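Trainee: What follows is a single structure, and I will ask about it in a moment.
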């Protein structure tokens, strides 16, 4: 049985960390994404996305067979959700715009959905009316099914123009009020879905929108969606397609920035970045040069893949050496667009892994990454790199966020950074009472410890300027459905999606409320007891 490494000594201030330890202009917020929270899949003129097709066609590949048809109904409860953000005293709220809600047919030529425009205008206006800054993601993986049908989505160069047009429409409609944009969320994760993960879209790239019948919304989220019989081959993908998708994501990002800087920058004065996922790639044997090199190579395949082109217009050397002609070249004009196409870097960090150049002895769980020629594992000599948050994948390693920030500073010219996602999940235990379900000590500890390491990185010169918890509320998790909960706010999936603050939400409010900008030991005024009452629902 695996044991766990002892918890490292936390940097000061450790468990007492709060807003006063950070500069006044440091941004604290929480994030969500459209498909995971909005629901209203067939309301307001929205068209289907690849996730709609996938979850209805392959419910067996979602852990509980559910889908995002209703998600957590934020489309209809957005004012309540914004009230929560205000009660918590957060500076900012990160959300994504649903491409098929704005452009149901995917392209401008197929028509603009004014109801979708109105929804996001209302959301943005409500945020600003409550002194909350919007941070808006343009693409959080919900490709319009229409574009997947027409030309296989991001497998085709054609999507670059359609994404540019979608982005331009968003700048035109919302850019007078939105000053902080994230073009693409986790392009590495999305690209890898083509060749690594068989159980996610765009596995469904061969499925046509005509097969997305309009089923009745699932009444109880734990029940699977209806299954529609089909003889269509869902299709498989090659490893080369992973890099083609990544290439087009980078070009789409650059095209969106070009249209903004050419047409909107002078009047709107917005800032841009991509949200890139990272892990601490810890050498299995730090005294073995081959393992150290393998860990560096793993970081390139995870983070450098999308960061290096923004610096030099080239992919990381280790990727070029490993992949050769399988990795496409950028043209001279494309390099010009890519270099410097960011104002800040979004960093999504959750966990860490060991990396080795050879298969670790007596480790049957080690995963070999063929293209990068390295192994990853969460275990060394029978000891886990960090405790597991649940049954899979998220080992809790707070030091890892510090190590990643230091590596980004050293390798990529010390860019301005926002932690755009950081959080931990608990398993959705349906046997717990509401009061029990809202006790999330693991999350409080996780956030305290990671924020302490973020502060340490800042004190050592890393230019971190903001931190967003993932996520504001429990939501429909991609692949996991309703089986895991990432939220500061508990959502009752079975009783009209009622929202209740967890212990972590109350802790975060008391430690990081915007009123605490001046004094380390100051607490927010208890102006709204409803939030601090442990068993009271947050009202509309």
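Using N, Cα and C of the backbone, Cβ positions are placed for all residues, glycine too.
Keep in mind that what you see is a predicted model, and the values were worked out from it rather than measured.
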Trainee: Among 54, 368, 486, which is the one Swiss-Prot gives for the beta-D-glucoside site where 36, 140, 185, 186, 350, 421, 470 also bind?
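Mentor: When Swiss-Prot describes the beta-D-glucoside site, the candidate it includes is 486.
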Trainee: What are the other residues, in sequence order, whose C-beta lies within 8 angstroms of the center of the C-beta atoms of 36, 140, 185, 186, 350, 421, 470, 486 at the beta-D-glucoside site?
Mentor: 31, 33, 275, 348, 471
Trainee: In Å, rounded, how far does the Cα of residue 486 (beta-D-glucoside binding site) sit from the Cα of residue 393 (site 'Controls the gate shape and acceptance of substrates')?
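Mentor: Between the Cα atoms of residue 486 (beta-D-glucoside binding site) and residue 393 (site 'Controls the gate shape and acceptance of substrates'), the distance comes to 14 Å.
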Trainee: About how far apart, in whole Å, are the alpha carbons (Cα) of residue 470 (beta-D-glucoside binding site) and residue 393 (site 'Controls the gate shape and acceptance of substrates')?
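Mentor: One finds 16 Å between the Cα atoms of these residues.
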Trainee: Any idea of the Cα spread of the beta-D-glucoside site, 36, 140, 185, 186, 350, 421, 470, 486, as a max distance in Å?
Mentor: 18
Trainee: Per DSSP, to which secondary structure element type does residue 393 (site 'Controls the gate shape and acceptance of substrates') belong, with helix, strand and coil as the options?
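Mentor: For residue 393 (site 'Controls the gate shape and acceptance of substrates') - judged by DSSP and reduced to three states - the answer is coil.
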Trainee: Which one of the recorded positions (393, 470) has its C-beta surrounded by the most other C-beta atoms within 10 angstroms?
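Mentor: Ranked by Cβ atoms within 10 Å, first place goes to 470.
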